[in-house]
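Participant: Sharing a structure with you now.
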Amino acid sequence: MHLYNTMEKKKEPLIPIISGKLGIYVCGITAYDFSHIGHARSAIVFDILVRLLRYQGYDVTFIRNFTDIDDKIINRANKEGRSSKEVAEEFINAFHEDMDRLGVLNADIEPKATDYIPEMIECCQKLLEADKAYITASGDVYFRVRSFPDYGKLSGRTPDELRIGVRIVPSEEKEDPLDFVLWKAAKPGEPSWESPWGRGRPGWHIECSAMSEKCWPLPLDIHGGGIDLIFPHHENEIAQTESIVNKPLAKIWMHNGLVQVNSEKMSKSLGNFKIVRDILEAYLPETLRFFLLKKHYRSPIDFSFEGMNETERSQKRVYECIAEVDKALERKSWDSGGSSSSILAELDEQFSLFMSALEDDCNTAAGLGHLFNIIHIVRRALDDKALYSTTDGKVVFEQFREIIRKVDILLGVFGQKPNSFLQDLKTIRIIRNKIDVNQVEELLSKRRQAREEKNFVQADEVRNTLASLGIEIRDTSEGQVWDIL
């Protein structure tokens with residue numbers, strides 16, 4: 001297993017610090033609003049990582065925190081006349097609901113910032129005692145960035161380079177513009193806690209330092225998050241933590257790429273902010289999950305409804321293949337003969353390549369390419385009349401079903417009952433495309449009657465009318481079957 005380490009700017013073999021065990025910490029959401037697709041991507045990326053590592057036999061402890069005290073949470077609480085705790089709890093619960101729908105496994109430990117205030121105060125005290133931090137006249141506590149010689153090692157830039165073109169919160173009380181807040185002095189209308197230097201609340205960065213140190217013996221094997229967290233959040237985490245413990249915060253740093261919308265940065269100001277639960281009103285959860293797996297996790301991914309529609313078509317092809325295999329396996333008796341050895345070898349080779357792709361920095365994009373090769377191979381077997389009903393054919397289909405079972409374990413896709421999924425897919429596409437089912441059924445009835453009367457011209461006219469409505473027709477032994485183009 002090799003992973004790209006942001007710190008070293010290269011892929012490295014994953015070697016656990018504690019034999020057989022892995023500690024993974026990923027920065028979670030700030031709980032002030034519903035989760036967007038950027039949150040979903042990060043959650044799914046690290047869900048795949050954890051699934052893969054457990055499949056390989058590692059004892060994984062997966063930690064994902066919640067920031068439940070922050071300016072944005074406080075602002076929303078004040079605006080809505082609620083407490084910060086109520087706001088945070090609402091959106092933590094909403095996050096869990098959304099991730100459950102997307103098939104994201106629960107983290108083993110989910111620390112909330114407000115449960116670790118004493119640990120954060122202790123971190124601040126240690127930094128003050130080491131002269132790595134200072135208290136201002138107003139009661140804020142700041143970290144001295146230049147007291148940490150390695151500051152900038154994650155982003156690969158020096159402190160002076162980081163000052164250029166970076167939005168820095170100004171303060172006349174700072175010794176250096178790059179210094180960042182560890183503790184914010186209490187303000188009216190804000191939650192606050194007692195500390196040796198007065199009431200206040202923690203800064204964002206110290207939260208993760210305290211929680212990660214408390215939840216796993218440092219260094220972590222892997223620390224992860226979105227690429228937008230490299231600076232300042234992860235850079236500041238490193239400076240704080242390593243100034244306290246005098247050893248690395250993490251061995252490997254992993255960062256997923258951002259989500260764009262129609263090739264533009266996703267932001268509320270551009271009006272292209274995509275909330276997970278809004279998308280799931282129009283698409284099945286597995287479609288969004290599958291869409292987010294189609295690009296390598298370190299690359300940006302461009303969200304579009306056209307891309308989601310193409311993902312649906314790909315899903316449909318896979319589930320239709322699974323349904324046909326399941327139907328073939330319903331046979332009560334099988335003929336002897338057939339020749340499956342070459343097909344089985346092809347399936348084994350493609351699944352081995354699928355696994356190699358995942359083990360090469362979680363390359364789901366390449367892995368899915370091999371999965372579609374497997375679908376193509378099985379399609380050939382389904383069309384091979386000399387093989388279809390034989391015992392060798394049964395072996396091929398059972399092998400395929402075992403591969404799909406493993407794909408579901410590893411990627412969390414294609415594990416549903418195929419006919420149920422295909423019906424759900426048809427239903428949500430009917431709703432999304434505002435298809436009048438009664439109109440479709442009336443036209444199908446007219447076409448059926450025209451075919452019975454051998455009026456094929458009229459039958460073709462009805463087919464064309466249905467096509468103009470976005471409906472395709474297939475004539476089967478069981479009658480007309482319609483679906484959405």
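Numbers run from 1 along the shown chain.
Using the three backbone atoms N, Cα and C, a Cβ is placed for every residue, glycine included.
Model, not experiment: these values are computed from the prediction.
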Participant: If I go by Swiss-Prot, which of Cys208, Cys321 binds Zn(2+) at the same site as Cys27, His233, Glu237?
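Facilitator: It is Cys208, as the record lists it for that site.
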Participant: So which one is it: of the binding-site residues Cys27, Cys208, which has the fewest other Cβ atoms within 10 Å?
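Facilitator: Per-residue Cβ counts within 10 Å for the binding-site residues Cys27, Cys208 bottom out at Cys27.
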Participant: Tally of helix, strand and coil residues over the motif ''HIGH' region' (29-39) according to DSSP?
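Facilitator: Counting residues per DSSP class in the motif ''HIGH' region' (29-39), I get 3 helix, 2 strand, 6 coil.
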Participant: Count, for each of the binding-site residues His233, Lys268, the other C-beta atoms lying within 10 angstroms of its own C-beta, and report the residue with the smallest count.
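Facilitator: Among the binding-site residues His233, Lys268, the sparsest Cβ neighbourhood within 10 Å belongs to Lys268.
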Participant: Give me the mean pLDDT over the motif ''HIGH' region' (29-39), rounded to a whole number.
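Facilitator: Summarising the motif ''HIGH' region' (29-39) by its mean pLDDT gives 96.
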Participant: Within 10 Å of the Cβ of Glu237 (Zn(2+) binding site), how many other Cβ atoms are there?
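Facilitator: The answer is 25 other Cβ atoms.
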Participant: Taking the mean position of the Cβ atoms of Cys27, Cys208, His233, Glu237 as the Zn(2+) site, which residues outside that list, in the same chain, have a Cβ no more than 8 Å away, listed in sequence order?
Facilitator: Trp204, His205, Glu207, Ser209, His223, Gly225, Leu229, His234, Asn236
